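One structure is given here, and the rest of the page talks about it.
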Amino acid sequence: MKTKLIANMYDFECRLFRSLNRHFDRRFLNLYFRNITHAGGATLTIMMCLALIVFTQGPVRWVAAASAVSLAISHIPVAFVKKMYPRKRPYLALLETKCPANPLEDHSFPSGHTTAIFSVIIPFLLFMPGLAVLLIPLGVSVGLSRIYLGLHYPSDVLAGCLLGTSTSILIFSIISRLVPNLLSVS
């Protein structure tokens, strides 16, 4: 019974994956997803956090610090889970998966890019909810790009989203308790 449930879940996930990945040859989607995916990469997320810490003041600086700490801490479980649960990337496991040249070769679960983008944007959403109209589509786009590009299954992306979100909520809560006046808008 348990094996059949897992097989059905995997089958559903593969169908969901293929429904996104099959559009790989569309020019606009390729341009969009091949570029937006970098918003969740290490270089851009680290540079964005550092730039906001260095070039802003007051509450925004502390929110950027919360994002940076969340980004760093969230990747500890990512590295651990990738080693403990060595799931092959879809382009290695599923026939006819379309992917860019020189794809990643480490394990698939969870998505580090999705973890990164959500660990960075969630503190800003908690502090300035009005940014949701910009930041939620950014996070979702990074997650979808990982599936579209053949690099992750939907559950990899969901796990990354949950990991980045939960870590950033925890870090934001700790920082707001330690320095409550610094996060109030003057």
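Placement of Cβ uses the backbone N, Cα and C atoms for every residue, glycine included.
Look at TrEMBL and you will find 65-172 tagged as domain 'Phosphatidic acid phosphatase type 2/haloperoxidase'. Look at TrEMBL and you will find 36-56, 62-81, 116-137, 157-179 tagged as transmembrane segment.
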Report summary line: Note: vs the transmembrane segment (62-81), the recorded stretch with the largest number of Cβ pairs under 8 Å from 36-56, 116-137, 157-179 is 157-179
Query - Summary of DSSP states over the domain 'Phosphatidic acid phosphatase type 2/haloperoxidase' (65-172), given as helix, strand and coil counts - result: 79 helix, 0 strand, 29 coil
Report summary line: In the same chain, residues at least 6 away from the ends of the transmembrane segment (157-179) whose Cβ sits under 8 Å of its Cβ atoms read 62-63, 65-67, 69-70, 73-74, 77-78, 81, 109-123, 126-127, 139, 143-144, 146-147
Requested in this report: Check the domain 'Phosphatidic acid phosphatase type 2/haloperoxidase' (65-172) for me and report the mean pLDDT.
Outcome: 93
